[in-house]
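According to Swiss-Prot, the protein has these features:
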REGION    4-82  region 'NCD1'
CROSSLNK  Lys126  SUMO2 cross-link
CROSSLNK  Lys129  SUMO2 cross-link
CROSSLNK  Lys143  SUMO2 cross-link
REGION    160-188  region 'Disordered'
MOD_RES   Ser171  phosphoserine
MOD_RES   Ser182  phosphoserine
CROSSLNK  Lys211  SUMO2 cross-link
REGION    220-309  region 'NCD2'
MOD_RES   Ser327  phosphoserine
CROSSLNK  Lys332  SUMO1 cross-link
CROSSLNK  Lys332  SUMO2 cross-link
CROSSLNK  Lys354  SUMO2 cross-link
CROSSLNK  Lys367  SUMO2 cross-link
CROSSLNK  Lys371  SUMO2 cross-link
REGION    391-422  region 'Necessary for nuclear localization'
REGION    398-431  region 'Disordered'
COMPBIAS  403-414  compositional bias 'Low complexity'
MOD_RES   Ser404  phosphoserine
CROSSLNK  Lys452  SUMO2 cross-link
CROSSLNK  Lys463  SUMO2 cross-link
CROSSLNK  Lys475  SUMO2 cross-link
CROSSLNK  Lys478  SUMO1 cross-link
CROSSLNK  Lys478  SUMO2 cross-link
Amino acid sequence: MATALPRTLGELQLYRILQKANLLSYFDAFIQQGGDDVQQLCEAGEEEFLEIMALVGMASKPLHVRRLQKALRDWVTNPGLFNQPLTSLPVSSIPIYKLPEGSPTWLGISCNSYERSSSAREPHLKVPKCAATTCVQSLGQGKSEVGSLALQSVSESRLWQGHHTTESEHSLSPADLGSPASPKESSEALDAAAALSVAECVERMAPTLPKSDLNEVKELLKNNKKLAKMIGHIFEMSDEDPHKEEEIRKYSAIYGRFDSKRKDGKHLTLHELTVNEAAAQLCVKDNALLTRRDELFALARQVSREVTYKYTYRTTRLKCGERDELSPKRIKMEDGFPDFQESVPTLFQQARAKSEELAGLSSQAEKGMAKQMELLCAQAGYERLQQERRLMAGLYRQSSGEQSPDGGLPSDGSDGQGERPLNLRIPSVQNRQPHHFVVDGELSRLYSNEVKSHSSESLGILKDYPHSAFTLEKKVIKTEPEDSR
C-alpha cells in the first residue's frame with residue numbers, strides 16, 4: 001500500500017523519524033489517529049506511550065517499538081540527523097501540500113527569501129537548508145549555496161530529499177510565510193488563505209449575532225474592576241485606532257493567551273490557531289464579546305469547524321489542479337438532526353421487510369409440519385386398516401365354516417327332529433340369527449369412526465351372507481298341505 005506524503009511540518013517530522021527507524025508502514029496509522037506531534041511522543045509517559053502504540057497497531061511488535069524509541073531519542077539528542085532543526089516552528093500550522101510538485105519555492109517563499117537579512121523586526125523561525133537544484137542555480141556562483149525544501153517528482157521516489165550546503169541557517173519571519181498581521185509577541189499565526197476563510201465565515205455569521213447594549217457593557221465593567229482594568233481601555237479606543245485590533249487580538253485569544261500557564265515550547269495546533277483567529281474577528285465585529293468569553297468560545301469553535309474542513313479540502317484539491325470545487329460532504333449542523341430524520345423511514349421500511357420475511361418463513365415451517373403430521377397419520381391409518389382387514393378375513397372364514405353344509409350346522413337328528421318336516425326346521429335356523437347380529441354389534445364397537453368407510457364392505461359381506469342363505473332355503477322349501485283327515 002502506498003504511503004501518503006506528509007502535508008504539514010509535524011507530519012514531515014514524523015515521516016523523517018519513521019523513515020529513520022524503517023517504520024514508514026505505520027505513517028498512515030499515525031496520521032489517522034492524529035499523531036502528527038512528535039513532541040507528544042517524546043514527552044508521553046509509559047502508559048500513554050503504550051496506548052499510542054496500541055492505537056497504531058505497533059503494540060504487538062515490541063521490536064518495532066524499540067526501533068521507534070531509539071529514533072525518538074536520536075531526534076531529541078541530535079535533530080540534525082533528520083535534517084529537521086525545527087524546534088521553534090509551529091508543528092501543525094503550516095501546510096506543505098500547497099506547494100505544486102517540482103516548484104522551486106516552499107510555502108510561497110522564493111529562493112531570494114532565504115538571502116534576507118536576519119535583522120528583521122519580527123521573531124524569526126529557523127528552517128532547514130535542504131536545497132533544491134533550481135534554487136541553487138538561480139543564486140549564482142558568488143553567493144553562498146542555500147537550499148529550500150521541495151518535493152520530488154511522482155516518477156521518482158516519494159521520499160522527501162534535500163542536501164545541506166552550509167552549516168549556517170537563515171531565518172524566516174512570519175511575514176515571509178504570508179501570515180496576516182498579528183501581535184508582535186506571538187510568532188504563531190494562520191496563513192493568509194486560512195485567515196481569509198475565517199473572515200468570510202465571520203462576515204456571514206455577523207448579521208445573526210444579537211446586538212450588544214453598550215450601556216450594559218459599561219455597567220458590567222463598572223461592577224467588575226478587574227475586568228475593567230484589563231479590557232476597559234479597548235472600549236475607549238476609536239475604530240480608526242491602529243492599536244485597537246492588536247489589543248483585541250491580545251485579550252480575545254482562547255488558547256495560548258499571554259496570561260495562560262502554557263508550557264514553554266508548546267506550540268499551538270492548527271485548530272487552536274483557527275479558534276483564536278475566529279475569536280479575534282468576532283470581537284472586532286462586536287467588542288462586547290470580550291466580556292462574554294463563554295459565548296465567544298462557542299462561536300469561535302463553530303467558525304473553526306466550518307473553516308478547517310473547507311480550507312483543508314480546498315487546498316488539497318488545489319494540489320490536484322481542481323480549483324473552486326465545492327465540498328462534497330455535508331457540514332455538521334448545529335440546529336437539528338436532518339440525517340437522523342431521513343434515516344427513520346428507511347429503517348422502518350427495512351424492519352417491515354424483515355418482518356414480512358420472518359412471517360413467510362414461519363408459514364412455510366407450519367406447512368411443512370402439517371404435511372409431516374398428515375403423512376404420519378396416513379401411515380398409522382394404513383397400518384390400522386391392514387389389521388382390520390386381517391381380522392375381518394378371519395371372522396369371515398369362521399362364519400363361512402359354520403354355515404357350510406358339510407359340518408357347519410348341527411344335524412337335525414341330534415335334536416330329535418329327524419322326523420319333522422322341513423317347514424318345522426325353519427325356526428331352528430332362524431334362531432341362529434341373533435348370534436350373527438351380536439357379532440356385528442361387537443365388531444362395530446371394536447373400530448373407531450375413522451375406518452368405518454373401509455370396514456363397511458367386509459361387514460356388509462358378513463351381514464348379507466345369512467340373509468342370502470335364508471332366501472335360498474325359502475325358495476327350495478315347499479310346504480305340504482295339511483292332511484285333511
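Numbering starts at 1 and runs along the chain as it is shown here.
Placed from the backbone N, Cα and C atoms, the Cβ positions cover glycine too.
Rounded to the nearest whole angstrom, the C-alpha distance between Lys211 (SUMO2 cross-link) and Lys354 (SUMO2 cross-link) is 54. Rounded to the nearest whole angstrom, the C-alpha distance between Lys371 (SUMO2 cross-link) and Lys354 (SUMO2 cross-link) is 26. For Lys371 (SUMO2 cross-link), other Cβ atoms within 10 Å of its Cβ number 10.
The DSSP secondary structure for Lys211 (SUMO2 cross-link) is coil. Distance between Cα atoms for Lys367 (SUMO2 cross-link) and Lys354 (SUMO2 cross-link): 20 Å, as a whole number.
The sparsest Cβ neighbourhood within 10 Å, among the listed recorded sites (Lys211, Lys354, Lys367), is found at Lys211. Here the region 'NCD2' (220-309) is broken down by DSSP into helix, strand and coil counts: 65 helix, 0 strand, 25 coil.
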